[in-house]
């Protein structure tokens, strides 16, 4: 029977429901589609799967064929009997598709599966691509997923036919929310297991599945519920069948392909061989019954176990916490279930009974394995938490780190092994070594983490000590820069480093580190100490100009007793300036480079010659050579890494330093000159000589009349007292005219005050009044007054005269000055 439609699809009944091969129909089909003209450029696709699984519907949508589809409104029944064949529409090269009768149909019954196996084997033998149609919810099942059928087909095909690489494409229908990437590994694993279990000829004992089959997995949405999505996915799948025979295509392996002209004869012979193959006969009735019944009993016991109240309670409990006696309880439940199976299946064929019992046991163990893993997980986590608490307590108790880690690890690993022994299931030979290794890794990781933290804590502690012990002293030593500064810094660094290293090594002893690691940590601590000194030196070098100005100001403005200088005119400002600048230059040379390695350099000498000593002979030096020793960015014998201030920078800093200190020097010179002018009241030497020569007669007169000397002495005392009281030098500081006006107003009151006090002193002496203690009666001569017992204000006679600027003169001192 040959059918056609307006779209150009041609189909025929290849093999009828009774196993008859339609030779005439195949020949007519080949003429209609001109298959003989295709040579090797054609492909054969077949589909198999359970009855009413939508195979014909898929083919009609995928290849635009016209296979008869099931009418859902009439109920689920067989629509395809035998094998139908049709040409795909619109696909190049010419592609032939075969629609196989569905497996597991009620029309044939459970005892007549020979045709299913024969048709499946035929499809694998003649097809390049075999579509295995299956429901998504059947994945993991035996019969619905065609596992026994495929096993038989693999075995017989290898024995009957030459190896040929066929593409097995599993089409998962009515895909659920489960991602395809989770479904695909399950299918591939099942196919691999089937392949591994099939007895193979000696020549193919080690041949992998990939040598015979390419396995592909695709998934389609529900045709009834998601028709648009289904059509879109089918359209995408259809594209894969275009040029399928090209290298890398779905039918790319063309080994052993029969030319298109011989397709009908080849297919007929293959079907004949399959029909006569005795290996595909149904198993013996006894074995079949034992298989069915033992499988039913096993399924019943499995279902009974899943609803067992004791197991459900145990499973629920173990998900939240560890259960004491878990292994003993679960082993008892499993043993009861298997014993019940043995009691009911004891009279069935031994081989089948044992096989099904083993399958039941595997399923039960697979069911309880998650609970067992949860139990191990609880044991591991509980043991780990207790370990951390015990380890922390041991460290706080002062025990050595390595000793505490070793003892706690051994103790809690032993506890873990004991608790795992309690969780062992008798029927399973599961190994807890993975969980034990995971616990050991967690313990080791925690120890390493704590070790790192403790080592970091110890290192930070000694680094802080070094920083406190070095930063301040180094700053002080640099501030008082001298020739002994760097030797003192090196000595300080060595002493503090040795002290810190000694304590650090003692602290590390409890960690039982290897010698290399310990030496590396000690070296890093020493390096840190050097880094502190270098960082502090670098910091101070950044403030060197401020330090230089401070040192200059201190030395220039203060004497050797650290007292402020008073520029009286006797000081050698040039020498003081040179000394202060030399000290500032010493500070610059000390901070110019880091000298922790006790290596000699000429920085100090270079700076002195270029900036201080060489100034005097600068003009003559220029005539001899034009090379500036500071015109460089590096110091001789000093590596760049140790250089803090380059020669060029030193020269620039020195210029800025001189500029900013010249004002202080000029102010000191001005103050000195002003002091000289104020204190120089003597006439010029020539005037003194003239006075001696011209006043010789008057001098002889004074010698002949000593009374004149007394008068002159008294007049001098009065004049000196008036000078001090009126502060004549101070009055004339603001100018001559303001001084004269001020003195004119103060002269008479001051003279009267002096005379009055002299009179009172004279009266006191004449009346015989005892003389007061000079120390107590001493008052300021400038208008000081006291109140007597009667309330009168009286002026005491002065024993001292105090000037405006605080200088005190006694009467004896006035006499000495006159002398």
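Numbers run from 1 along the shown chain.
Heads up, the Cβ atoms here are built off N, Cα and C, so glycines get one too.
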Transmembrane segment per TrEMBL - which of 653-670, 671-688, 689-706, 707-724: 707-724
Segment assigned the feature region 'Disordered' in TrEMBL (from 592-648, 763-819): 763-819
Sparsest Cβ surroundings (other CB atoms within 10 Å) among the binding-site residues 49, 50, 54: 50
Other same-chain residues whose Cβ falls within 8 Å of the Cβ centroid of 49, 50, 51, 52, 53, 54, 55, 56, the recorded GTP site, in sequence order: 102, 133
Mean of the pLDDT scores, which run from 0 to 100, over the topological domain 'Cytoplasmic' (728-819): 53
Residue with minimal Cβ packing [other Cβ atoms within 10 Å] among the binding-site residues 51, 53: 51
Fewest other C-beta atoms within 10 angstroms, as judged across 52, 56, which are the binding-site residues: 52
